[in-house]
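One structure below.
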């Protein structure tokens, strides 16, 4: 059978949790097989900051994300076409997913305006006026040649209310039809529509229903993890997975905190992406089950342990916390070493969840993970509620009060995550 007869995406559920909505799957793409649930590191401009493709292969990364907005500006469509696509351009043999570019323009550019035609914005490089239409977004993504590509959607701030939310949802549906019409490589690239609707349950349901009428191979859930409360966040995820078809992959955009990943897998999500692992590495922070280690802190000066004794990444095999503390305060190379570890951590977390689902031990995995992650404080109420909604019960812990400012530690942790979310959104 020739390559043109191989479906560009097939998805099979290989195991399901008997309690929650978690499932393990196998997604077969043009360039590689991808085991789900999966975390996709973000290579904004065709590379992860501080990590080369060979290192990603060593970490057994099966799929990464490329940013259409940045790649469309630099190196540009002509360069990508001449190179034969992003895979050849960056020397990456495995799968790539590309976003549409809409989120970056609306969230990062002050002068972006949206109308029915598309997104009008000024280039950050030369201040020239630019227009990104659904058709142009698809043209760029066809040139990039990713295995999975996203429709251009009408993005509004998550906390927006009123008629603008419905307008954006309806426009997103109209735009997916324009994207499908413009898609010139359906035989080897799979286009995902994006579920929008803000924090409005009926709008989310309407959007899912409309998008399911289109002939697509998977679905993305957008417009979340952008400042809404965690209670609203998990409820919208739960609503979407409750209506999306079970035989196609579900991608939750822009989510990367470890606890969020575990909860959303329980709610039925298969795919995730976020810049968080590499961005937090540039601040000298390493990811572990209990949260983050800020290796710039003096307490690590004489700590001769690896970041995580259970991690087999090259950073943990070779370097101590003491050494990483030393270079974190002096050398930029530390961000590369920490990025390797942080990506390895995210990939290992996803692998552990897959294996637990396949053994039908996912609820116990969740309980054990949350006990480690919130070792010194109560599990936040939103996590208990979200897991309870899919029949995973966690014990309610007593609130512990920080004597310094009398704030519950859960509230202080949430403030820290808010800062991290702002950093992620600005990257």
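Glycine too: its Cβ is placed from the backbone N, Cα and C atoms.
Annotated in Swiss-Prot:
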type: ACT_SITE; residues: 99; note: active site, proton acceptor
type: ACT_SITE; residues: 273; note: active site, nucleophile
type: BINDING; residues: 99, 100, 101, 102, 103, 153, 196, 223; note: substrate binding site
type: BINDING; residues: 311, 313, 316, 341; note: Zn(2+) binding site
type: COMPBIAS; residues: 397-417; note: compositional bias 'Basic and acidic residues'
type: REGION; residues: 254-260; note: region 'RNA binding'
type: REGION; residues: 278-282; note: region 'RNA binding'
type: REGION; residues: 395-427; note: region 'Disordered'
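Taking the features listed in Swiss-Prot, we show where each one sits on the structure.
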{"residue": "99", "record": "active site, proton acceptor", "CB count, 10 Å": "31"}
{"residue": "100", "record": "substrate binding site", "CB count, 10 Å": "30"}
{"residue": "101", "record": "substrate binding site", "CB count, 10 Å": "24"}
{"residue": "102", "record": "substrate binding site", "CB count, 10 Å": "27"}
{"residue": "103", "record": "substrate binding site", "CB count, 10 Å": "23"}
{"residue": "273", "record": "active site, nucleophile", "CB count, 10 Å": "22"}
{"residue": "311", "record": "Zn(2+) binding site", "CB count, 10 Å": "18"}
{"residue": "313", "record": "Zn(2+) binding site", "CB count, 10 Å": "22"}
{"residue": "316", "record": "Zn(2+) binding site", "CB count, 10 Å": "23"}
{"residue": "341", "record": "Zn(2+) binding site", "CB count, 10 Å": "26"}
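Residues 39, 103, 224-226, 233, 272-277, 287, 289, 345-346, 349, 369-370, 373-374, 383, 417, 420, 424 of the same chain sit 6 or more residues outside the region 'RNA binding' (254-260) yet have a Cβ under 8 Å from a Cβ within it. Secondary structure from DSSP puts residue 316 (Zn(2+) binding site) in a helix.
Taken over all pairs of the listed substrate-binding residues (99, 100, 101, 102, 103, 153, 196, 223), the Cα spread reaches a maximum of 16 Å, rounded to the nearest whole number. Nearest Cα neighbour of residue 100 (substrate binding site) among the listed recorded positions (273, 311, 313, 316): 273. Taking Cα separation as the measure, residue 102 (substrate binding site) is nearest to 273 of the recorded positions 273, 311, 316. Comparing C-alpha positions, the residue listed as 'active site, nucleophile' sits nearest to 99 among the recorded positions 99, 103, 223, 313, 316. A Cα-Cα distance of 34 Å separates residue 101 (substrate binding site) from residue 311 (Zn(2+) binding site).
Ranked by Cα separation from residue 316 (Zn(2+) binding site), the recorded positions 99, 153, 196, 223 are led by 99. The Cα atom of residue 223 (substrate binding site) lies nearest to that of 99, taking the recorded positions 99, 311, 313 as the candidates. The shortest Cα-Cα distance between residue 341 (Zn(2+) binding site) and any of the recorded positions 99, 103, 153, 196 is the one to 99.
As a whole-number mean, the pLDDT of the region 'RNA binding' (278-282) in this prediction is 95. Secondary structure counts, DSSP: the region 'RNA binding' (278-282) has 4 helix, 0 strand, 1 coil. For residue 153 (substrate binding site), the nearest neighbour among the listed recorded positions (99, 311, 313), judged by C-alpha distance, is 99.
In sequence order, 153, 154, 155, 168, 169, 172, 203, 204, 207, 222, 223 are the residues of the chain that are 6 or more apart from residue 196 (substrate binding site) and have a CB within less than 8 Å of its CB.
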